[in-house]
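Peer 1: If you look up TrEMBL, you'll see 30-117, 128-218, 243-331, 336-423, 429-516, 520-607 marked as domain 'Ig-like'. What TrEMBL lists as domain 'Fibronectin type-III' is 620-715, 717-814, 819-921, 925-1021, 1050-1141. The transmembrane segment annotation in TrEMBL covers 1153-1175. Per TrEMBL, compositional bias 'Basic and acidic residues' is recorded for 1184-1204, 1262-1272. Annotation comment: TrEMBL describes 1184-1288 as region 'Disordered'.
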Amino acid sequence: MFVIDVCTISLNGNTMMVYRNNMMHCLVPPTITHQSPKDFIIDPRENILIYCEAKGKPHPSFSWTRNGTHFDVEKDSKVLMKPSSGTLVIDISGEKAEAYEGIYQCTARNEHGTAVSNNIFIRQSRSPLWSKERKEAIMVQVGVSLVLQCGPPAGLPPPIIFWMDNNFQRLPQNTRVSQALNGDLYFSNVLLDDTRNDYICYARFPHTQTIQQKQPITVKVLDTLYNYTNNLFVGDPSGERRPSFMAPLGRSSTQMALRGGVLELECIAEGLPTPEVSWYKESGDLPSSRMSFHNFQKTLKIADVMEADAGDYRCTAKNSLGSAHHTIKVNVKAAPFWISAPRNLILAPKETGILTCRVSGDPKPQIAWSVNGVPIKDSPKDTSRKVEDDTVILSDVQTGSSAVYQCNASNEFGYLLANAFVNVLAEAPRVLTPPNNVYQVITNNPAFLDCASFGSPIPTITWFKDSQTSILNRDPYVIHNNGTLEINVAQSLNSGKYTCIASNNLGTRENHVYLEVKEPTRILAQPEYMVVQRNRKAVFECKVKHDPTLIPTMNWLKDNGELPDDERFLVDTDSLTINEVTEEDEGTYTCVMNTTLDQDSASAMLTVVGGFTFIQEPDPPTDLELTDQRERSVQLTWIPGDEHNSPTQKFLVQYEDLLHQAGVWHNLTEEEGTKTTAHLDLSPYAYYSFRVLAVNHVGYSQPSQPSRQYRTNPAAPDVNPTDVHGVGTEHNNLVISWKELTGLQSNGPGLQYKVNWRQKDVEEDWLSETVANASKYVVSGTPTFVPYEVKVQAVNDYGNGPAPEAVVGYSGEDVPMSAPESVQVLVQNGTLAEVHWEPVLTSMVRGRLQGYKVSYWRERSLHQAEAQQEEQQVLLFSGNRTDGRLPGLKPYSLYTLNIRVVNGKGEGPPSPNHNFETPEGVPGPPSFLRIKNTDMDSLTLEWGPPQDNNGRLTGYTLKYQPVNSSNELGPVEEMMFPANETTVILADLKYSTRYKFYFNAKTIKGSGPTITEEAVTIMDEGYTEPQLPISPITQSLRPPFHKVRPIGPAFTNVNSSVVGEEGAVISWEYFGPDKNVYVEYIVENSKEDWTKECVNGSSGSQTHLIKGLKPGTSYRVRLVVKDHSEATIHSTEELVITLPAMKSDQVDLATQGWFIGLMCAIALLILVLLIICFIKRNKGGKYPVKEKEDAHQDPEIQPMKDDDGTFGEYSDTEDHKPLKGSRTPSNGTVKRDDSDDSLVDYGEGGDGQFNEDGSFIGQYSGKKEKDTHEGNESSEAPSPVNAMNSFV
């Protein structure tokens, strides 16, 4: 098993995967990823949850401070810190939330730095009760203004205020009655209808979801006021008056707003009639996109406040009697905000990095730096660190100096805190883009080839095409900062293999990708508009051209939907046929051609007309007349022909020039089908005839009769020749070429071309030559490759054409005269070298510089003394280059190179040959790995050295592991061998087991590619593998990483052979990717289900033994491959296997060695017993066995003791031992050999058996009778047990 160790580093929002060789490559300081808001108001009824999440490598530990001192979480049983997190959970059940109010700060640290969170201000929400008060009824005269004060208690956060009545219905509000921002209820003027006793102010506290109410207020509105002292009515209802402001008071006020917040300006006026309020800004326009009016225009709200919102805002209250004004001066301040927050840095040792903390605010924020949570002024002095206000400069950093820096910017309105880690990392380049990616793009579209990389220092990305041409950052190529190569407009010549090389001072790494530029999909023959009679057939054609490597898919749509499910619609490869059309078939039909990369589509309409309506092409127009005849124009009129039930769509006007191209008609212009005149612009010096064609839905009419001839007078040329070029074909000439004018463009007789030229940037007159009937002119005697200005002017008998524009061309080139000098080679590694040279002087190039051609070849390997020169390789470096890279070199080799300068004419002389050597690299794969002498538990491996050593071999590495029947790999064993060994014997292997071997060679640079081999050890003696035509050993120098389903059959060479009377061996070769391979068998002519056995699904030669078959039975056997749903993917033809019947003649026991030995042992045992009995009798002793026989009528009852199976009272340790030659497994059963023979088969009935300790149990009675449970006697052989009883 191979484990790729991967870690991720988050750098300024981008996550990169880093493949590492050891832990030092993935050490990252902490980063805070989630935290609670700075101002955190909690619900006192719920537990407190304070978030603090961070990441880092290794994972950081967490701690907290509270009100600036350490907060020991473990000592407070009510506080729990979540595992692998800094988040605090505070259980406030039974506690007061006030006890945990304060300012909290989280710290996350690991061995590479410390990150800190914001200060989190924890406060519990509060909803205090309204103070009790008794309100007297308010008596007010009709028409005056009135304010009902709410005065809610100060809650946290502030409550939401609204006014309702006793029925919990909101009090109606309008321009006259409205609620102010502070909650008070304002009346611009009161009416008699305002009298009520249930003006109630409510306060809703959002956190606790509680609502409290103020005591109801009673308001009585009177027509007149009664003076109780004098018993008189005094005062009349208040009359009309001009507006005045109730809030704010005075003519002006000031208000402050914070940048990014919400500005609310309020003006409430009283007056009668009720005044209207309007707003405007004195020093500019109101911000319409961020501005809104509320409370009946009395409140101006501006969201996302900016510095430009500062200024004077005037509110105006106006009614029919006058107006009032109030000015609010707005000052905008700002809490600190980011201009550029510090960004994480990954630096290589000895590099320089800069952390920048740019903020703004009003007042200007103060910036304080910390490192690992400690103010820099209090941290250990670091000579590599320099602090300059908002910048920290880190110079010549060293490994181990990783840390987390904090920037704190604050003013009186708030603060900002940012963490940025500096990770000092030395990492060779890694290319993260998967190798051998294939990019496909359509011609003329942009192509993007990825080369994502990681390294420290940041790798430099270089691209090569086809391992030859170095690609620069110029058209058509653009190399982006992330290494992606962009081809602006991809063409077929851009197809090929591209190599990106990532390099820094620690090494290089290359990756290959491929670009395939495909031809676009184009519809060549589009469907055309059709008018078809009902019950006729309509055919739309759609012929397509596409890239032959892309598979096209043709779809037809009707009105942008699917075609009707109707058999009348027939779709062919390039057409759609609709049989027996009906009116329902009318619509727009679209053919869409899709490939995996692009698509093209075209549409046409179908019109169905009645069966009795006759339609056809229109008749040609008639009566052509020329009027309004001028020097360069004429007007043509005509009369349309019969339309034949299909309206004319357009008219096509054509002309014939009898002077220059008689008999050839050209399209001149088109007119709409409703017009009958056309204004025609003409050219001089032509003999015109005109004709007109009409077009309807069916097609074109026949052409009309030509008009009378109309001649135009000659004139000087209107245009000059185009495509003027100046190119030299020899080193001393200049060929000036152009595209000639047509006869119609000549405008008159005597057409000629005046050719002008002069050397550029040289004070000399134009030289000229006039030629006729020519498209080029050769200027001889020019210096080599110098610029010339050339121009060509048309001339005829009536004058010259317009003044021509000059173009720049060059005289001919010659081969370069000198070679590049100061050639140097810098070897980067075993496969890459850089070559540098001094460029050739421009005067010596003598032509347009194409580039420099580097020719290099391998002289020999450094292992060899004699030269073995290989084929020369050539790289062309375009442009005025002074260096290039030579990829694809072979390590540990001697190379020779030279350089030539190349221009349009050819190559210059080569530079002197320069030799260089490449260092050692990893070796190639061993030339072979063979397995010989396969035994039950051992085998022999032989190998050959690599064909490409690429250095001095230091040895070989062998790894091997067993593979079970389900293709699961076992533990890996590894062995090392010196470079001079070529064979090894592996012992102590498992029998009948498949092994997989991995073998590679090594140099001091590392291990080379691995070759693999598989082999199967021989089975145990119980089964001898038959000699099959297919070897069980498979070899693959480079096993593919991805298996594809074979085009041919999955199984080949399927064979079978019978083993014994109950077994068969199936052998085959398998080449499929699926692993679910089974052997299935069934008794021939049986209707039962197939029996299946899972077998090894690996590719190559395989065998399988089927056991437990019935002798004398025929079986049908096949191999199948199934997918995950148990569906059969592949199946072989069935094989018929017939097993031999069991032999009727039993083997003669008398000739069996094991039986003879057993009989001898039994006889010896009986002889010993007889001797002992004889001695006992001679001594007069009583024989216990005889007593037992006398005591029982049946001498066969209890012939042995129940507990140990001995004879009567006699016991002998020999009786408890197994018989010689028998096998006694631990489970007490006797292993049955591959032979089916047993003592039961050859004994007397079923009485011959073994007891628990393996001793033989038989009948020691000579009685001939037997019970039914004793089994049947054999008629073929006498029982050896009865024979022994006869001796007793």
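Counting begins at 1 with the first residue displayed.
Every residue gets a Cβ built from N, Cα and C, even glycine.
Bear in mind that TrEMBL entries carry predicted annotations, made automatically and left uncurated.
Help me picture where these features are in the structure shown.
Peer 2: Sorting the domain 'Ig-like' (30-117) by DSSP state (H, G, I as helix; E, B as strand; all else coil) yields 7 helix, 47 strand, 34 coil.
In this model, the domain 'Ig-like' (243-331) carries an average pLDDT of 93.
Here the domain 'Fibronectin type-III' (717-814) is broken down by DSSP into helix, strand and coil counts: 4 helix, 47 strand, 47 coil.
Per DSSP, the domain 'Fibronectin type-III' (819-921) is made up of 4 helix, 55 strand, 44 coil.
Residues of the domain 'Fibronectin type-III' (925-1021) grouped by DSSP class, helix first, strand second and coil last, total 0 helix, 52 strand, 45 coil.
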Peer 1: Tell me, please, if the domain 'Ig-like' (30-117) and the domain 'Ig-like' (336-423) are in contact, taking contact as 3+ Cβ pairs under 8 Å between residues separated by 6 or more positions?
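Peer 2: Yes, the domain 'Ig-like' (30-117) contacts the domain 'Ig-like' (336-423).
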Peer 1: Taking pairs 6 or more apart in sequence, does the count of Cβ pairs under 8 Å between the domain 'Fibronectin type-III' (819-921) and the domain 'Ig-like' (429-516) hit 3 or more?
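Peer 2: Yes, the domain 'Fibronectin type-III' (819-921) and the domain 'Ig-like' (429-516) are in contact.
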